[in-house]
Amino acid sequence: MPQSHRSSAVQLHHDAIFLELKSAHRFYTYSHDPAMSVTALFLLFSLGIAMTVQDCSRPLGGPNMDIKGDDITLDSFPDGAKVTFVCDVGYRSAGGSPSVTCTAGKWSDLRMTCESYNCGPAEEVTNGQIDYPTGTEFGAEAVVICNTGYKPVGQGRYICGDQGWMGRLKTCEVTTCSPPPAVPNATFSPSKEFYEYRDVIHYSCLKDLVLGGSNSLTCSENGTFIPDPPTCTSVLCKKPDSPERNTEWAGGARPPYKHKSTVTLKCISGYKMNGSATVICEINNQWNPPLPVCEHDIPRTLGIVFGVLSSVAVITICGCYCYGVQKKKRFQDLSPNFGL
C-alpha cells in the first residue's frame with residue numbers, strides 16, 4: 001500500500017517548546033514546559049517522525065451500483081477520504097448509508113443496497129386491460145389488450161423507466177363497420193355513415209320479390225357485417241296439375257303460383273295417387289314435396305271377382321283331373337272280363 005509520512009518541526013518560543021506534526025489531513029501541535037525532561041522531548045520527536053498513515057484503493061460497491069462523481073476515475077484515496085455510491089440506472093436505494101470512509105488503509109462497511117425499480121400497475125384502460133408479460137420492473141413493457149369489439153389505438157410503447165412508466169398508453173376504441181353491401185332489388189335500414197360493433201341492419205325486398213338468406217346482419221368484432229347479405233328473387237312455380245301425371249287441381253291457390261302458394265291435387269277417375277296431395281311453391285321455383293303421380297287403380301270389387309274366378313278355375317281343373325284318373329282306373333279294372 002502507498003504510504004505518506006508526516007512532517008515535523010520543533011520550535012522554541014521563550015518559555016515553551018512546540019512540536020508540530022503535519023500530514024495531508026491532520027496537524028498536531030505538542031507543547032511542554034521548559035522543565036520537560038530531555039528524554040520526554042526526544043520520545044515525542046521520534047514518535048512524530050515514525051507515525052505514518054495508509055491510503056485506500058478503490059472501494060468495491062455492492063451489486064447494481066457505482067462510485068458517484070469524479071471519484072470514479074481515481075484508483076487511490078488518502079486516509080480520511082469519503083466516497084459515495086449511487087445505484088445504477090433502473091435501480092434505486094433500498095436503504096442504508098451510501099458512503100464509506102477510508103481509515104488506516106481500510107474502508108468502512110457499505111450499508112446501502114440497490115433494488116430494481118418497480119413501476120407497479122399502470123393506469124386503467126377503458127374497454128380493455130393491461131398485460132405485463134415481463135412484469136413491472138425497469139425495462140418491462142405494458143401491453144394493452146382491448147375487450148371484444150374494441151381495437152387498440154395509438155403508437156409507440158409503454159415502458160417502465162427509472163422515473164415510472166414512460167410513453168403513451170394505447171386506448172381502446174370501438175370497432176366500426178363500413179356501410180353494408182347493396183343487394184339488388186332490396187333496401188336496408190338504418191342507414192348511417194358508419195356502424196359500431198353489434199349494430200344490426202335489416203334488409204327488405206321490393207314488392208313481389210322473395211328474400212333468400214338472413215334479413216338481419218350484425219357488425220362483427222373484425223369490422224365486417226355477418227352473415228352474408230341476402231338475395232331478392234322472383235319466385236314462380238309451374239302449374240302443379242298435369243295430364244302426364246294424371247292429376248288435377250282439387251283446391252288451394254290459383255295461378256300465378258308465387259312463393260309459398262299451396263295447392264291440393266287429386267287423381268283423375270280410375271287412378272290412385274302415389275305421393276303427397278298437398279304441395280307448396282318454394283323459393284327455388286320448385287314444388288315441395290315433389291309433385292305426386294297417379295297410377296291405374298284396380299277396384300277392390302274387381303279384385304274380388306278375379307279372385308273368385310281364379311279359385312273356380314283351379315277347382316275345376318283339379319276336378320277334371322281327378323275324374324279322368326278315376327275313369328281310367330275303372331276301365332282297367334273291367335278289361336279282364338272281356339278277354340282283353
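Cβ coordinates come from backbone N, Cα and C, glycine included.
TrEMBL annotations:
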type	residues	note
DISULFID	Cys87-Cys114	disulfide bond
DISULFID	Cys205-Cys232	disulfide bond
DISULFID	Cys267-Cys294	disulfide bond
DOMAIN	54-116	domain 'Sushi'
DOMAIN	117-174	domain 'Sushi'
DOMAIN	175-234	domain 'Sushi'
DOMAIN	235-296	domain 'Sushi'
TRANSMEM	302-324	transmembrane segment
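Features recorded in TrEMBL, as mapped to the structure shown.
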residue : record         : Cβ within 10 Å
Cys87   : disulfide bond : 24
Cys114  : disulfide bond : 22
Cys205  : disulfide bond : 20
Cys232  : disulfide bond : 19
Cys267  : disulfide bond : 21
Cys294  : disulfide bond : 20
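As a whole-number mean, the pLDDT of the domain 'Sushi' (54-116) in this prediction is 94.
Calculated from their C-alpha atoms, the gap between Cys232 (disulfide bond) and Cys114 (disulfide bond) amounts to 74 Å. When the disulfide-bonded residues Cys87, Cys114, Cys205 are compared by Cα distance to Cys294 (disulfide bond), the shortest distance belongs to Cys205. Put simply, Cys205 (disulfide bond) is 74 Å from Cys114 (disulfide bond) when counted between their Cα atoms. Calculated from their C-alpha atoms, the gap between Cys87 (disulfide bond) and Cys205 (disulfide bond) amounts to 74 Å. In this structure, the C-alpha atom of Cys205 (disulfide bond) lies 38 angstrom from that of Cys267 (disulfide bond). DSSP states for the domain 'Sushi' (175-234), grouped as helix (H, G, I), strand (E, B) and coil, give 0 helix, 26 strand, 34 coil.
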